[in-house]
Each structure stands twice: as C-alpha cells, then as structure tokens.
Amino acid sequence: MGQKGMSVQRHIVEQERDFPKATGNLTGLLMDLIYAAKIISREVNKAGLVDVLGLTGTENIHGEEVKKLDEYANDRLFKAMDHGGHLCIMASEERDDVIHIPDKFPKGNYVLLFDPLDGSSNIDANVSIGTIFSIHRKKTDGEKGTLEDCLQKGSDQVAAGYIIYGSSTMLVFTTGQGVNGYTLDPSVGEFILSHIDIKTPSKGKIYSANEGNSKFWDEGTRKYIDYLKEKDSNSGRPYSLRYIGSLVADFHRNLLYGGIFLYPADYKNPDKPKGKLRLLYEASPLAFIVEQAGGMATSGKENIMDIVPTELHQKVPLIIGSREDVLTYQKFISENA
Ligand code: P6P
C-alpha cells in the first residue's frame, strides 16, 4: 500500500515485488516518464520568465495553435522515452502519425500514448495544465511497433496517469492496483507519495461542462444539466458548476472532491460531432484511472474502456466522474434517446 512520504521510485519498486514475474521493464518505463515530468514541470513553472510562452506559429493535426511549451513538452517526452529499451512505438497528440523508436535504440514490448501538455490554451494565463499518458503492451509480432499496437481499447491498458502542473506538481497514476498520487518536492526533485489509494466519492455536488456549447447538445444531456440546477436538498442539488477548461485540472478536482465532467458530442456542430476530446490519450487513460478509483466513464452510448479505436486521433464524447452521477446521466440519455 505504501506510506505517505515515500518516494515514487521506492513505491514503484515495492509494488513490483508483488509481481514475481515482472521484468522491470514497466518500472523502467515509468522511471523515464517521471524524469520527463520533472523537466517539463521545471519549464512550465518558469514559463513566464523565459521565452517559452506564446505560439510556435504552427498548427497541429487538430487545427489548434501549437504553443512553444507544447512542443517543448513533446520533445522532452520523446527524448526521455526513445532510448530506454522499454517501448516499441509511441504516439502523441502533437504528432500526426505514430512515432517510431530510432533504429539505433533497443525496442521493448510497451506502447506509450501521450498528450504532452493538455490545456495549453491556458498556459499564458497561468492556469493548471497537464500531461496525460496511456501504456499498452505490444500485441503484434516483430520488433518494431505498428499503428495496430496503438489502437487498443482502454480495458487493455497496462498503466495510465497524468501529471498536473498547478499550485504544486502532482503525478497521479494506476497500474491496475488502485490509484496513487505523488507530489513533487522541488527541494529534492522527487515525487513523494501524498495520496494513497485515491477513491472518488460515489456522488458529488460539482458538474463541469462548457455550457456555451449547450445548443449543440442532445436532449438528454440538456435535460440532465437542467436537472442538476434544480433545487432538491435530498439529492444535494443544485450542483455547483466548476469548469477550468483544462481537462487534467477539471478531472483532478472532481476525482478528489467528487462530481461529473462532461464534454458531450456536439451533434449539431459539424466541427465537433464527437465532441473535442481524444480517445487514446485523453479519455481512455482518465477512464482507467477513474474506474480504479471507483468512478465511471462513458461516451453516452458505451463505456469508454470498451471502445475499440479505429484512428489514432479519434475523438469521443466524454462523461466521467462519480459513479452515481454518471449512472444518472446515462438514465437521462436512455430516457431521451
Ligand atoms: P472548450 C484544452 O484545450 C482542452 O483540450 C481540454 O484540456 C479541455 O477540457 C477542453 O479542451 C476545453 O474545451 O471547448 O470548453 O474550451
């Protein structure tokens, strides 16, 4: 279980001992990720002081302006992960296609999918942002990974997590044995176990959604949000609206406090028919975490963890958080189908 104050390295090694057949490759992979997280945290926390704010002048595959810190985070993650011999392939929100491991480096049996710096539109306003990662096992033959190795459903994840760069930098992840949170102690440069076996409340009093999009939502979603606003002290309503517009920050708050985050499909919006968030490196890893913490994640039609991806950057509606709240949402959707 671990003890508060323990370094993440010690906690990972102690947890590995519970798996006698462990080769140490996942541990090595996580250690490389943790190193990258420290470097990115350093740059994010001094962003206002050095020339890493602002735009690169380019757009990514999603038509979003790429911030200098986006590129920096992507580059640091690649350079931290490309040589360890734990990965056969990577994919990033910032890169159109899969990222192969350079021929000069050994290949491993894991796949890493990541959003290097989610919420980057908030960087210049000093709002919390985050890195999200998802780890799968290679499933194809041969040494080099392929796109097929990246297109795996959420329930096949080996590990998933995020780093939130906020009032403090926190690493939160699961390897399927519960969810733990580690807070970076900058004085020693170590992530220290601070949140043991995180469980999200079964029901919250917070909802997180960009209501500016409500005219695009389906009837069931609109009725659910209206329901949350009605006064009913027996069910803790009205809920409070808390929306930062930075997925990792909104998710992290709701994970700890309870509540529901919604980025529904914008059916009537030709730009966002399946919402805005990406399945492989946003919805799927957060769904793994929330399920391990006792919560739920749905697209409205199906459990996020059951969706078999068909494209690297495919989008999916994401409704995620406290179990009872997501179940109530699903009831509104089925009653208004
Ligand atoms: P909207 C940030 O750009 C992001 O990808 C997520 O971090 C966040 O949840 C979402 O977009 C916010 O989108 O349309 O509400 O601004």
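Don't overthink the numbers, they just go from 1 along the chain as shown.
Placement of Cβ uses the backbone N, Cα and C atoms for every residue, glycine included.
Whatever TrEMBL says is automated annotation, not expert-curated.
Because the structure is a prediction, the values reported are computed rather than measured.
Taken from TrEMBL, the feature domain 'Fructose-1-6-bisphosphatase class I N-terminal' applies to 7-195. Residues annotated as Mg(2+) 1 binding site in TrEMBL: GLU93, ASP115, LEU117. Per TrEMBL, the feature Mg(2+) 2 binding site maps to ASP115, ASP118, GLU282. The substrate binding site annotation in TrEMBL covers ASP118, GLY119, SER120, SER121, ASN210, TYR243, LYS276. Summarising the annotation, TrEMBL assigns domain 'Fructose-1-6-bisphosphatase class 1 C-terminal' to 201-332.
Taking all protein chains in view, 13 other C-beta atoms sit within 10 angstroms of the C-beta of ASN210 (substrate binding site). Straight-line distance linking the Cα atoms of LEU117 (Mg(2+) 1 binding site) and LYS276 (substrate binding site), rounded to a whole number, equals 16 Å. Counting in whole angstrom, TYR243 (substrate binding site) lies 15 from ASP118 (Mg(2+) 2 binding site) by their C-alpha atoms.
TYR243 (substrate binding site) is surrounded by 16 other CB atoms, counting those within 10 A of its CB over all protein chains shown.
Excluding GLU93, ASP115, LEU117, which define the Mg(2+) 1 site, the same chain contributes ASP70, ALA73, ASN74, SER92, GLU94, PHE114, PRO116, ASP118, SER120, THR131, ILE132, TYR281 within 8 Å (Cβ to the Cβ centroid), listed in sequence order.
Checking the binding-site residues GLU93, ASP118, GLY119, SER121, ASN210, GLU282 against ligand 1 with a 6 Å cutoff on the Cβ atom leaves ASP118, GLY119, SER121, ASN210, in sequence order. Those same-chain residues not listed among ASP115, ASP118, GLU282 yet with C-beta within 8 angstroms of the centroid of the Mg(2+) 2 site C-beta atoms are GLU93, PHE114, GLY119, GLY130, THR131, ILE132, LEU247, VAL248, LEU277, ARG278, TYR281. Summarising model confidence by region, the domain 'Fructose-1-6-bisphosphatase class I N-terminal' (7-195) averages a pLDDT of 91.
Annotated pair ASN210 (substrate binding site) and ASP115 (Mg(2+) 1 binding site), C-alpha to C-alpha distance, rounded: 21 Å. For the substrate site listed in the record, the two most distant Cα atoms among ASP118, GLY119, SER120, SER121, ASN210, TYR243, LYS276 lie 17 Å apart. Most other Cβ atoms within 10 A: among the binding-site residues GLU93, ASP115, that distinction falls to ASP115.
There are 15 other CB atoms within 10 A of the CB of SER121 (substrate binding site), with all protein chains counted.
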